[in-house]
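What TrEMBL annotates here:
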type	residues	note
ACT_SITE	A:Ser542	active site, phosphoserine intermediate
BINDING	A:32-39, A:111-115, A:166-169	GTP binding site
BINDING	A:Gly468, A:Leu469, A:Ser470, A:Gly471, A:Ser472, A:Gly473, A:Lys474, A:Ser475	ATP binding site
DOMAIN	A:23-238	domain 'Tr-type G'
Amino acid sequence: MNKIAPVAEAFDLSTYINSQESKSFLRFLTCGSVDDGKSTLIGRLLYDTKLIFEDQLAALEKDSRKHGTVADEIDLALLVDGLEAEREQGITIDVAYRFFSTEKRKFIVADTPGHEQYTRNMATGASTADLAILLVDARNGLLTQTRRHAFIASLLGVRHVVLAVNKIDLVDYDQKRFEEIKAEFESFSSGFDFNTSEVIPLSARFGDNVTTSSEKLSWFNGPTLLEHLENVELGEEHSEAAFRFPVQWVNRPNLDFRGYSGTVRGGSVNVGDEVVVAQSGKTSRVEKIVTMDGDQVRADDGQSVTLTLTDEIDISRGDVLAPAHSRPDVSDQFAAHLIWMSENAMLPGRPYLLKCGTKTIGASVTEIKHKVDVNTFDHHAAKQLALNEIAFCNLALSEAIAFDPYEANRDTGSFILIDRMTNETVAAGLIWFGLRRATNVHRQALDVNKKARGGLKGQKPAVLWFTGLSGSGKSTIANAVEQKLLSLGRHTYLLDGDNVRHGLNKDLGFTDADRVENIRRVAETSRLFVDAGLITLVSFISPFKAERQLARDLLDTDEFFEIFVDTTLEECEARDPKGLYAKARKGEISNFTGIDSAYEAPEAPELHLKTAGRTVEALADEIVDRLLKDGYIGSDNTWVI
Amino acid sequence: MGIDSQSHLRRLENESIHIIREVAAEFDNPVMLYSIGKDSAVMLHLALKAFYPSKPPFPLLHVDTTWKFQEMITFRDYTVDKYGLDLIVHTNEEGVKNNINPFDHGSSNYTHIMKTEALKEALTQYKFDAAFGGARRDEEKSRAKERVFSFRSASHGWDPKNQRPELWSLYNGRIAKGESIRAFPLSNWTELDIWQYILAEGIEIVPLYFSAKRPVVERDGTLLMLDDDRFRLEPGEKVEQRDVRFRTLGCYPLTGAVESTADTLEDIVSEMLIARTSERSGRLIDHDSSGSMEKKKREGYF
Ligand SMILES: Nc1nc2c(ncn2[C@@H]2O[C@H](COP(=O)(O)OP(=O)(O)OP(=O)(O)O)[C@@H](O)[C@H]2O)c(=O)[nH]1
Ligand SMILES: [Mg+2]
C-alpha cells in the first residue's frame, strides 16, 4: 500500500536513520530537594535542544502567565509539570518521562519530585536510570532530601552521579560557594559506590553551563552539563551476567508447538545450549529461538523471544531458565533492602504478595534487621516501617523462587510487594542473598495460623451464626450472602441442616439433649473452618442461648458474629415452606421450636435483622455491608480477586 | 532497511513486547483498543510479534463514532481480515439515536458522548479487565506522567495524584472486581520512533497519512477534509482541492490536515525531522484548556 521512494531521497534518509540507530542511549533522572530546580532544568534541556515545538511554546507562554513562578518570563518547569495539581501548587508530584536526543546520544529523562511525601515516585524514576543528576540550590547546599535521594539512587544501582549546583546566579556565580558545596558532597558521597561523580555549577533558569558554557562561570574548567551527559562512559551492563530467562507466557498455538516466551534478562543463549529450570532442576537444550522475523541462533540480553526446548518438561509462567553451570539462587527465604512506599506501616508477619520477574507469590517479612537513617546512614532497630523508610529485612515466601543478588542482576534481583487487600504497590525490594535452611534460624513470624490463612484470602475468618425460627429465612439469606461473598472473591463455607444433619449428625434426633449435642458439634466444626481461614456461615435454628454462648466461647472475640433472623411466628407459620408447622400443629412432629419447644431470642446479637417487608437481597446486602464496615473483608474497591 | 539487534528501535520493540505479554498473562479478559491510526498499527504489529506463532490472545476493540474517515474503516476491515483477528466494533447507540454529532454538539461534548462514554460502555459491557492503548508519553504533558499499567477505578476514572509506583519492569496488575487497567506498551516511543519503525518494518498504514489531493476547507486556521456529504459548510467557506496529509487520525470533522506533498514514508520521516509543531495540534479536542487531556483521562478517555 505504501509507495516506493525515489532512490536518491531514500539514500539520505537511510544515512540519517543509521546515524540515529547507532547513537548510544542514556537513561537519567533529576532528583534532589523540593524547589531546587529539577523540572526547570529538564525544561531548559528540552528547550535548548530545540525539542519544543512552536505550538507547545505558545501554550507554555500562556501557561506561564497563569501558573508561572518567575514573574513575566516563561517558566520552563511547566514543560514537565503536566498535572493540574502540580501547576497549581508549583511542585512536582509524580515522575514525568521525557525524551530528547543530540548528535551523540538519545536520552530518556525522568523528572522526579523533591517533596518528601512523593519519595516513592523518585524511586520509580531511579529504578531504571543509569545516571542521577542530584540538584542543590547553591544558597542551601545539601539538605536531608538531597542525601536521601543520593542514598536511594545508589541503593537502586544508579552508578553515575552528577551534583548540579543550581541557582548559581543567586550566589553571584561565586566560585567559593561552589567549592564549599563540592567539598561537602565529595566527603559525603565517598561512602557510595558511584563509578563516576561530577560536580557542575549551573543556572537552570538562565541556562548558564547547561548546554553552553557561560562567561559568568569562566572560573569553571569542567564540562557543561550536556557535554557531560553526552560523554560519560557507561560501561556495559549485564555483559558478564549469566543468562536468565523468566518465562512470561507458554506459547501453544497448536499441539505441535510448545514455546516459552520471555525477555532475556542478562547474558545470552544459543541454540543447542543446555538450560535448567531453576526451580525444578530439570534440564534440556534450546532447540529453536523463534521470532516473527525468523528463527535466530542466539538471543541477547534484553531481547524478547520465544524458546523451544528439545525435551517436554514442565515449565510455566514464573519459572526461570538459566545455564545449568551458572544457576540462580533458589530459596524460599532471602535478605533484602525494602523501600517502604505505603502510608500503611509494614508489620513483620503480615502477608503480602511478592512479584519478582514473572512470578507472584505470598510473602512476609520475618525480621527487620535494621532501619537506615537517611541522614547519617546509621542503623537502628525497628519493629515496623513507615512511609519512605528503608530497612534491611529477612523475607519468607510461600514457595521457593529463583533470584540473583541485585548487584549481579537488576532484573532478577528486584521485586515489589503488593498489599493483598488494597492491591497497592507497597514496597520496592532489592535482594542481597538467599537464606538457606542451615543459616535460617527464625521462622516464628511465619507461623501458619488462621490469620495467615485468612490473609491469603484477604479476609478475617469468622463465623456468621444465623439463628431464628424454622422458616424465618436463615438459609435463604445465608445462601445469598455466600453468593455475594463469592463474587467478591471471598472464601466461604456454609454449614446448615442439609449438609450436617445428614452426615456428621445423622445419629442425632430432636430431643433437647440431641439439640445441644447438635449445636456443640456444629460449633466445633465451625471453629475448625475458622481456623482454616474461612468465613463460615452457620444456619441453624439454635434456639437455646446457652449453646449459642458455647459456640461464642469456642471462638476468639470478633470471630463470632451472631445474626438474629427475626421473623414472627405468625409469618413463619403462614409461609411454612416445608409444611412442618402444619405437621407440628397436628402433633405429627414433637419438640418443634415455637410450637412445643422454646425459642430463646438473642439479647445482644451482632446484627438484628427484622425481615418484615424486606427482600432477601436487601437483607443480604445489609450483612455484607456490615462485614465490610467491620473489616472482615476489604472495602468495596479493595477486595482481592 | 534492517535494524541492528541492539539498536534503539529494537530496545523499544523488546520492551513493548514484554509489556504486551505481561498483560496477556496477568489478566483474564484483555482487549486491544484499535483506533486504526499509525500508533495502533505499530501496537498491533508488536502484538503479532509478541505471541508469534500464536495469534494475539485477545480481541481488538474499535470504538466507532460513525464519524471516522471512510478510508479508516476500509483499512480496519482489511487488516482484521488479513491477520484473521477478532474485532469488536462498538458504537454508542444512544448517541446515534440522539443524532450526537460534532457540528451541533461541540467537539468536547461530542467526544465525551461518542468516544469516552462509548468506550466505557464497551469496557463495562464486555467486562474487559485490561485495555491496551497506543498512547505515548511524548504526546502530551499529562501522558508523560502516566504509568505503563495505569489503574482505573470501577467507574473508569484515573487518579493522577495517586498512581502506583512502577519500578524496573515489574508491573502490578492486581485489581479488584470491576476495576481495570489501561496498558500503554508504546509509552516510551516518540512520534519519530513510530515513523522510523513503520519504515523499517514495512508496516501498512491508512493511506490518509500520505499526501494526496483532497477536498478541504480552512476553518480557524485548521484544514478540514470533507469526507462525506454530512460536512456542514459555514457561510463563505469554499472547498478547495489541496495536497494534504494527516499526522494523526480521528473523526474527520475534528482532525486537521497539514499541507504536504510527502507521499512516501521516506518523505514523511524527512518532513518529521523539520516539523515545528507537535502532532496533537491537529486534534481540536486538546485545545480547550491546558489541563483538558488530564481532565478527559480522569473521566475515562483513553
Ligand atoms: N534564580 C534561579 N531560579 C531557579 C533556577 N532554577 C530553578 N529556579 C526556580 O526555582 C523554582 C522551583 O523550580 P522547579 O524547577 O519547579 O523545582 P523542582 O526541583 O522541580 O521542584 P519539585 O519538583 O517540586 O521538587 C522556580 O521558581 C524556578 O524558576 C536557577 O537556576 N536560578
Ligand atoms: Mg519538579
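Cβ coordinates are placed from backbone N, Cα and C, and glycine is handled just like the others.
Just so you know, TrEMBL annotations are computer predictions that nobody has curated.
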Measure from the CA atom of A:Lys38 (GTP binding site) to the CA atom of A:Gly471 (ATP binding site) and give the result in Å, rounded to a whole number.
70
Length of the line joining the Cα atoms of A:Leu469 (ATP binding site) and A:Ile168 (GTP binding site), in Å
82
Binding-site residues A:Ser470, A:Ser472, A:Gly473 vs A:Ile168 (GTP binding site), shortest C-alpha separation belongs to A:Gly473
Under a threshold of 6 Å between Cβ and any atom of ligand 2, which of the binding-site residues A:Lys38, A:Gly473, A:Lys474, A:Ser475 are retained?
A:Lys38
Within the chain of A:Gly473 (ATP binding site), which residues six or more apart in sequence place their C-beta under 8 angstroms from its C-beta?
A:Val565, A:Thr567, A:Thr611, A:Val616, A:Leu619
Among all protein chains shown, how many Cβ atoms are found within 10 Å of the Cβ of A:Gly468 (ATP binding site), not counting that one?
26
One residue among the binding-site residues A:Lys38, A:His115, A:Lys474 has the fewest other C-beta atoms within 10 A of its C-beta, namely A:His115
Looking only at the domain 'Tr-type G' (A:23-238), what is the mean pLDDT?
91
Work through the recorded positions one by one (A:Gly468, A:Ser470, A:Lys474, A:Ser542) and name whichever has its CA nearest to the CA of A:Asp35 (GTP binding site).
A:Lys474
Report, as a single number, how many Cβ atoms besides its own are within 10 Å of the Cβ of A:Ser470 (ATP binding site).
24
List, in sequence order, the residues of the same chain other than A:Gly468, A:Leu469, A:Ser470, A:Gly471, A:Ser472, A:Gly473, A:Lys474, A:Ser475 whose Cβ lies within 8 Å of the centroid of the Cβ atoms of the recorded ATP site.
A:Ile541, A:Val565, A:Thr567, A:Cys572
For the C-alpha pair, I'd like the distance in angstrom between A:Ser470 (ATP binding site) and A:Ser542 (active site, phosphoserine intermediate), rounded off.
10
Entries of A:Asp35, A:Lys38, A:Leu469, A:Ser470, A:Ser472, A:Ser475 (binding-site residues) sitting next to ligand 1, with Cβ under 6 Å as the cut-off
A:Asp35, A:Lys38
Neighbouring CB atoms within 10 angstroms of the CB of A:Ser475 (ATP binding site), all protein chains considered, total 19
Looking at the binding-site residues A:Thr112, A:Gly468, A:Ser472, A:Lys474, which ones sit with their CA no more than 10 Å from the CA of A:Ser542 (active site, phosphoserine intermediate)?
A:Gly468
Find, among the binding-site residues listed as A:Ile168, A:Leu469, the one whose Cβ has the highest number of other Cβ atoms within 10 Å in the structure shown.
A:Ile168
Using a 10 Å cut-off, grab the number of neighbouring Cβ atoms around the Cβ of A:Ser472 (ATP binding site), all chains included.
25
Cα-Cα distance linking A:Gly468 (ATP binding site) and A:Thr112 (GTP binding site), given in Å to the nearest integer:
60
